[in-house]
């Protein structure tokens, strides 16, 4: 009865919000974007909520007691989200960048729907966690908070500038001690956790039978670890909280990076014969003191059945961003030509679901049996969400959708597959987000169709 009453209340609130913003329907959406919405059966009126959508921030647990001081500095009240701890809503025009709380790393901007995707993982201290598409870093910071003083966090992204943004956030919020950042391709990334032993004990995930900003002082051999000719007996040393392995880029790679920046897409680096580059690591990440050969231990070359994969994996996949009202609002101000070039070009749309499927498949490949994976996008389209998950399930009989129990109290709607969820501006008062929670069942027959299988 309580669930039915909650559903009725949400429907009433959604109807009220839809009526309130009906007169604010944007008239400047470009023809290419309108055609995209029509092809995907999406209602253009949902973008009317962009002007009234609240801004959300996450306050670090250690700073919750300082809420009154933060409110005084902002000159407004923070409205606590009862369904998502440590999240608060602000008026859309609120500016936080100039506040001491923001500058001192006590809070950061993050849409509540994105926070829900992290919460669905149910990360706890001691977990080994993988973030397959880490940039720009807010979800990464939230995951690091949940880890606390044990476990490890490994993050990979294909864009060097966006990975640098992750590094900046981890430093600013002092959350990088147990983190490794890798520049690499999430569809083929194979590096395993380094720190301790996984909490989950089933068979090795690499077994075929399991598949249906501030200056940093680095000492020792660190500089020799990334100049191409790695010395396998060299060890990483560090004299501060964080370290970096720097590698030079070829002229061709620099040209490709410049073009990618103009197009607003990830750098098109060929990773076929190139290992992921260790971009950043914390003092407790497990890297310090290790040999290069051990740091680079991968799923594919491992013969050690004692090695484990990840307990929790987040695949917040690259998408067309049509559900991110923050992106839509920005491009309405900057000019739609950039949006069309970055997100609506034909090649990108044609290949995006294939990329998403490969990201999901590889993240699942590295997941421990019994572990949890959350797949999410900020797209409204079915092709990039239920379509990708459905195709994945059809070729992975050791994967199973699970209920997100926390979602019983969340302002979201059911997705098109069992246990999947959707957030949207009208019913959730957030940006758009699709979410699917999966687990890996025990080992079964080898699944030869799994992308990137060991």
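Placed from the backbone N, Cα and C atoms, the Cβ positions cover glycine too.
Here residue 378 (active site, nucleophile) comes close to 113, 114, 319, 321, 322, 323, 324, 327, 431, 432, 433: these same-chain residues lie at least six apart in sequence, with C-beta atoms under 8 angstroms from its C-beta. Secondary structure at residue 378 (active site, nucleophile), taken from DSSP and collapsed to helix, strand or coil, is coil. Under the heading active site, nucleophile, TrEMBL lists 378.
In three-state terms derived from DSSP, residue 316 (S-adenosyl-L-methionine binding site) belongs to an extended strand segment. Sequence-distant contacts (6 or more apart, same chain, Cβ under 8 Å) of residue 316 (S-adenosyl-L-methionine binding site) comprise 114, 117, 131, 132, 133, 139, 374, 376, 377. According to TrEMBL, the feature S-adenosyl-L-methionine binding site maps to 157, 185, 316.
Feature annotation from TrEMBL assigns domain 'SAM-dependent MTase RsmB/NOP-type' to 43-441.
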Neighbour-count leader, CB within 10 A, binding-site residues: 157, 185: 157
Max pairwise CA distance, angstrom, over record-listed S-adenosyl-L-methionine binders 157, 185, 316: 14
